[in-house]
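Visitor: Sharing a structure, written as C-alpha cells. Questions coming.
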Amino acid sequence: MRLLELQDKPAAQRILSEIEALFKTLPFNFGRVHILTGREEAIYAWISANYLKGNLVKRNNKQYRHPFIVRTSGALDLGGASTQIAFTPRRILNKLATPAKVMLYGHKYVIYTQSFECYGKDEAERRYLVNIYQASESKWPYQSPCWPSGYNETVSMKDLFGSLCTASKRPANYKPDDEITFTGTGNPAKCQELVYLLFDFEACAGKSYCSFDGIYMPKIRGKFMAFSGFYHISRALRLPTSFSVTSFSETLLSFCTKGWAELKFILPDDKDCDIRQYCFDGFLMHTLLIHGYKFSPIRWKKISFMETVNGIHVKWSLGYMLSITNTIPQEIEEIRSKISTTTFQIVLSVFVGTGIISILVICKLML
C-alpha cells in the first residue's frame, strides 16, 4: 500500500475510503484508517516481538511486572515490498537520524528504526529480473542464475515495469502486454553477484555507520529476532532456529545448485513461485544481513529465525494494538491484567479478521 500511495495516491485513497466505510459498520469505537509508514511498521514489529518474548512485561502470580533487568531484542522483518530493522542502540551518533521514543508500560525505549522500500523479496526480485532483461544481449530466453535449472517462466512487461520500484527503468518501446521468458540456470556464484548489485554500497564509502544507499545505521547490539521472509527462507533450507553464517552459506550453495525437479521433490507442499524464489531470497538475506546490517559471524549467532513466539505469530499488528491500548500510568510498578487471556484472543482475532476483509476489499478494487 505504501508503494501504491506513492505511485497512485487517488487509488490508494479510494481503497482507504472503502475500508473506512467497512469499519464504520462494525460495533467498535472507530478512529481512522491510514497507511502505516515503514518506520511505524518496524516499531510495531519490535513491540510485538519483545512483548511475546516477555522483554517488556512478565506475568507472575497473576500479575504483570516489569522485568528486573530490561534487555530487549532487535527485530528483523522481510516482507514482499520492503524490509525493516529495529533495535535499541547504545547511542545514536547522527543528529539527522531521529530515533523512535516509545513509552510502554511506564518505561521509555529509544529505538533505531529503518524501513527500506523496494528491498522486500518480491520487489527486489523484480528489480533483479529487470537488470537481467536490460543487460542481456540475447532476446530469448533470458537467463536467470538465481532460478533452478529446468524452470522457465513467461512474464509480461507490466509484471516487470508496473511497479514503482522499476518504473524508472521502463524502456522507450514499453508495451505492458508484451511477454518475455526467463529460464533458470542454477548458478549461485552469478546469483550472488547480481543480488549484491541491487544494493548501493558505494553510497556508504567512507562512512563509519552506514548500511546501504547512504542510510545511517548505528552499530547493532544484542540479540535479534528475524521473522516473516527471513524465517521462511531458513525453513526452506531446513535450518534450525539459530545457525552459523557458515552453515547458512554452505546450505544455500547446495540448495541453489539443485534442479527444479529435485526441489519440487524435497519441497512438495511449497508453491512453485516460492520454490523458484528461495535461492534468490537466500542471497538477498545473506547480502542484507552481512553487508548491509554488518552482522559478523559472531553476531549472526545471536539471531533467532522464528515464525512464532509461545505459539503466537510475530506480526506488526499485535504491536500496533498494544501501542494504542497502552494506558497504564508510569507510576504503577505492578501491572495487572486489564482483560482475560480469552478476551484478549477474541479481540486479536477480530483485529486480524477485519484485516483479512480489508485485503479482500483491496483486491476487489484493484481488479
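Yeah, the Cβs are placed from backbone N, Cα and C, and that goes for glycine too.
Below, the features straight out of TrEMBL:
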type: ACT_SITE; residues: Glu41; note: active site, proton acceptor
type: BINDING; residues: Gly80, Ala81, Ser82, Thr83, Gln84; note: ATP binding site
type: TRANSMEM; residues: 344-363; note: transmembrane segment
Visitor: Where's the emptiest Cβ shell within 10 Å among the binding-site residues Thr83, Gln84?
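Guide: Fewest other Cβ atoms within 10 Å, among the binding-site residues Thr83, Gln84, is found for Gln84.
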Visitor: Near Glu41 (active site, proton acceptor), how many other Cβ atoms are within 10 Å of its Cβ?
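Guide: Excluding its own Cβ, the number within 10 Å is 23.
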Visitor: What's the CA to CA span in angstrom from Ser82 (ATP binding site) over to the residue listed as 'active site, proton acceptor'?
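Guide: Approximately 10 Å lies between the Cα of Ser82 (ATP binding site) and that of the residue listed as 'active site, proton acceptor'.
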Visitor: Measuring Cα to Cα, tell me the gap between Glu41 (active site, proton acceptor) and Gln84 (ATP binding site) in whole angstrom.
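Guide: Glu41 (active site, proton acceptor) to Gln84 (ATP binding site), Cα-Cα distance: 8 Å.
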Visitor: Looking only at DSSP and grouping its letters into three states, which state does Thr83 (ATP binding site) belong to?
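Guide: It is in a strand.
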Visitor: Relative to the Cβ position of Gly80 (ATP binding site), how many further Cβ atoms are located within 10 Å?
Guide: 14
Visitor: Provide the number of Cβ atoms within 10 Å of the Cβ of Ala81 (ATP binding site), excluding the reference atom itself.
Guide: 23
